[in-house]
Ligand SMILES: Nc1ncnc2c1ncn2[C@@H]1O[C@H](COP(=O)(O)OP(=O)(O)OP(=O)(O)O)[C@@H](O)[C@H]1O
Ligand SMILES: [Mg+2]
């Protein structure tokens with residue numbers, strides 16, 4: 001009797017359906033939708049005028065090399081470190097991951113679908129901020145576009161890995177939001193979110209530069225200015241991805 | 001009718017049996033299942049055999065170990081002791097295969113709160129090769145007019161009905177329903193019973209956990225009574241009433257639970 005039963009994992013149709021469902025969940029969560037798109041725009045608008053028009057390096061203005069990297073970093077950081085973990089913690093608390101584990105779909109599929117939707121949301125957030133920067137504030141394209149795209153992808157993965165640590169360790173959805181917000185502001189403060197790191201004490205500035213937020217800002221800045229990316233920042237981001245993967249794999253609970 | 005399956009081959013219950021698990025005729029075989037949480041013994045040496053097409057009711061007081069038992073059968077909880085076979089498969093080691101043929105309604109499981117009934121049905125339908133049509137399921141559980149309502153806006157009973165629909169969406173050969181009609185109004189309850197009767201006609205094997213004697217009497221071929229984690233009786237509803245010398249199943253339940261487990265016959 002068992003010979004007739006074949007293990008059949010869900011196909012592309014199931015993946016598409018899950019991604020569509022996750023997208024609906026994200027769109028219907030108004031606060032989570034607005035912050036990663038609104039906050040970067042706000043930072044852009046508030047800093048664009050002060051940044052001025054004068055060229056600092058390679059034909060790029062202060063807006064290009066100081067404001068844009070920050071604006072672009074905030075998008076994957078809010079989505080990856082705050083939003084995604086709160087969804088995952090909620091799915092666990094509500095028993096949804098457990099419920100899916102008794103269907104032919106694995107609960108891992110939901111996490112991946114959530115990651116795909118987050119990536120799309122990140123693209124939209126960065127795209128919106130970039131469009132406003134180009135059209136309204138006369139921003140320039142990066143000197144090294146390929147490096148900028150590479151840095152953005154690596155940074156998104158690193159923010160996600162950081163978020164997975166939050167998702168794996170937070171006991172409740174509320175705790176996930178709290179831990180995620182604290183992590184976002186701590187990484188941001190050390191990474192230049194509230195003004196340059198030069199204002200920080202030396203050890204904190206060095207630490208901030210090696211944490212994912214600061215490292216992302218540095219990489220994007222280098223890509224825009226056309227300077228070489230400091231390997232330290234690439235190593236920081238790669239290490240975050242590995243560490244986040246290992247820590248969340250060890251501590252993650254499905255129920 | 002055998003009263004206790006745990007004594008297979010004349011062995012006393014509680015001793016590990018060496019009878020092979022690969023019993024091709026039974027849909028579900030659970031042998032000597034045991035599970036403890038810290039100092040609490042949730043399930044103690046429970047053995048069950050459910051034949052293909054049989055509807056087995058599981059009765060027992062709150063905390064008797066019903067959910068723990070059925071979730072071990074489904075492969076959701078790992079037994080400390082004992083074995084489970086569902087259609088000859090190990091639900092933990094052959095998880096992927098068992099998921100194709102087993103449908104389960106969990107006692108406690110919420111769903112994506114912001115998705116509508118229709119969207120949730122579409123999601124679960126996408127997991128199975130030949131899902132039941134959404135319209136048929138909705139009608140089955142009486143949620144047709146709520147199909148555009150978000151899960152969070154459904155009443156408790158409506159959420160429960162959706163959960164039953166989703167357990168059956170993949171045309172399971174074995175269905176486990178934990179607290180099938182708890183929280184349902186009398187009309188919904190009868191609708192769900194009609195649905196279970198239809199499953200019975202389709203030869204689907206059903207394990208249903210229930211607190212409603214009327215339901216068990218009407219639907220179940222046999223009833224397993226759990227008490228303090230132990231299987232204290234396994235009989236037809238009528239047999240159980242007769243054993244307890246009671247007038248009805250309600251009285252039998254009260255007479256047979258909440259006391260020391262009796263020795264197997
Ligand atoms: N995850 C758990 N952690 C600790 N103890 C548990 C856990 N699950 C069950 N128990 C304990 O095991 C015993 C059996 O619980 P179970 O949920 O199986 O009972 P039940 O028969 O389904 O009860 P109810 O009718 O209330 O649903 C209870 O004493 C319960 O406290
Ligand atoms: Mg229970």
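Each position is counted from 1, following the chain as shown.
Here the Cβ of each residue, glycine as well, is placed from N, Cα and C on the backbone.
A TrEMBL annotation is a machine prediction, not a hand-curated record.
Record note: among A:30-50, A:198-218, A:30-50 is the stretch given as transmembrane segment by TrEMBL. Tertiary neighbourhood of the transmembrane segment (A:30-50): same-chain residues 63, 66-68, 70-72, 74-75, 78-79, 82-83, 86-87, 121-122, 124-126, 128-129, 132-133, 136-137, selected by CB-CB distance under 8 Å and a gap of 6+ residues from either end. Here the transmembrane segment (A:175-194) has Cβ contacts under 8 Å with residues 70, 73-74, 77-78, 81-83, 85-86, 88-90, 162-163, 166-167, 169, 200, 204-205, 207-209, 211-217 of the same chain, all six or more residues outside its ends.
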